[in-house]
Amino acid sequence: MKREVLLVQTCGRRFSFKQSLERHKQTHKSGRKYKCLICGEFFKTSLAQREHKSTHMENGEYLCSECGRAFAWKSALVRHLKIHGEDANKDEHSYRCPHCDLSFSCASYLNRHIQTHQEERVYTCNCGKSFAYQAALTAHQRIHLKERRHICTQCGKGFLYRGGLLSHMKIHSEEMPFICSFCGKSFKRERNMKKHERCHTRENVFSCSQCDKSFVYKATLIRHELTHSGERPYLCSDCGKGFFSHAELLKHERFHTGHKPFQCPHCGKKFTQSCYLTVHLRYHTGVRPYACTECDKSFLSANRLKRHQRTHSGEKPYLCGECGKGFRQAYNLKMHQRTHLMTLT
């Protein structure tokens with residue numbers, strides 16, 4: 001029996017199933033008039049349509065860690081990630097993966113995701129990382145082949161493309177009326193400024209239920225709570241070291257590859273992490289935002305202030321396991337422990 005073909009009068013698309021037809025009609029009812037000429041999907045704005053079009057290209061800079069799709073814009077990746085995350089439990093995501101708990105809004109997304117369970121990561125980079133898709137490998141290799149030569153003169157952040165830099169510069173040009181009273185950093189919203197000021201006041205509002213420690217940020221508390229369970233699910237393929245988060249693993253891997261993507265616009269010095277560059281930039285600007293409440297000294301970073309404050313409190317948290325002697329810094333403890341090793345030899 002020949003299946004009836006259902007035609008959409010608005011755009012001319014044809015469907016074999018009434019359910020598919022009805023779902024497609026919703027794209028017209030919701031005002032989605034911008035059509036992708038490659039796959040036929042509709043969008044509410046021309047910007048959304050252009051960002052979607054980039055997913056069909058092989059040179060996307062931003063990769064989805066779940067299914068390997070590459071995107072030219074970070075905002076497109078963020079929207080795409082919703083099909084893997086919190087939106088996956090909604091009724092319209094009826095295509096469920098038989099291997100895990102993820103669900104998807106259409107069959108093509110599901111089929112591509114299933115390949116991550118079935119296919120080997122056959123596309124391998126010289127640094128050792130491997131991928132299930134050629135597009136994912138191509139985007140990754142840009143990290144090695146092309147420097148982030150487009151540098152923001154305001155904060156030192158680097159970008160592979162000029163478009164990425166121009167988009168980033170908007171955060172500096174936008175009106176930011178809320179100014180930190182400690183370091184002068186400005187913010188668009190008052191709540192973001194108050195959250196930032198905690199790093200100066202050391203106001204710890206998130207407490208661990210397992211011990212007496214408390215933290216400035218909730219994300220820091222979540223990472224700390226993993227120390228009680230001992231779980232380090234993210235393992236380095238080079239040395240086997242485990243980490244609490246995927247972000248920490250990525251930072252660690254740069255020590256093996258030697259990749260330093262964050263470059264100082266003033267002197268050209270490069271760093272493996274953006275936080276190292278942020279502290280370094282203060283050498284050029286002269287800003288020392290972390291002031292000691294006991295004396296008139298100020299410091300470039302919170303860690304240096306914390307070490308200094310131990311000279312006032314007398315705290316020596318690093319204890320030698322052999323003799324019990326305490327030290328203010330981990331480096332001093334390591335140097336001391338060598339004296340025990342020398343006596344053994």
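Placed from the backbone N, Cα and C atoms, the Cβ positions cover glycine too.
Whatever TrEMBL says is automated annotation, not expert-curated.
Copied from TrEMBL, the annotated features are:
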| type | residues | note |
| --- | --- | --- |
| DOMAIN | 6-33 | domain 'C2H2-type' |
| DOMAIN | 34-61 | domain 'C2H2-type' |
| DOMAIN | 62-89 | domain 'C2H2-type' |
| DOMAIN | 95-122 | domain 'C2H2-type' |
| DOMAIN | 123-149 | domain 'C2H2-type' |
| DOMAIN | 150-177 | domain 'C2H2-type' |
| DOMAIN | 178-205 | domain 'C2H2-type' |
| DOMAIN | 206-233 | domain 'C2H2-type' |
| DOMAIN | 234-261 | domain 'C2H2-type' |
| DOMAIN | 262-289 | domain 'C2H2-type' |
| DOMAIN | 290-317 | domain 'C2H2-type' |
| DOMAIN | 318-340 | domain 'C2H2-type' |
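Distant neighbours of the domain 'C2H2-type' (318-340): 307, 310-311; these residues of the same chain sit at least 6 beyond its ends, with a Cβ under 8 Å from one of its Cβ atoms. Secondary structure of the domain 'C2H2-type' (290-317) per DSSP (helix as H, G, I; strand as E, B; remaining residues coil): 12 helix, 4 strand, 12 coil. For the domain 'C2H2-type' (290-317), the residues of the chain that approach it from at least six positions outside its boundaries are 182, 199-200, 202, 279, 282-283, 326-329, judged by C-beta separation under 8 angstroms. For the domain 'C2H2-type' (178-205), the DSSP counts in helix, strand and coil order read 12 helix, 4 strand, 12 coil. The domain 'C2H2-type' (234-261): residue composition by secondary structure is 12 helix, 4 strand, 12 coil, according to DSSP.
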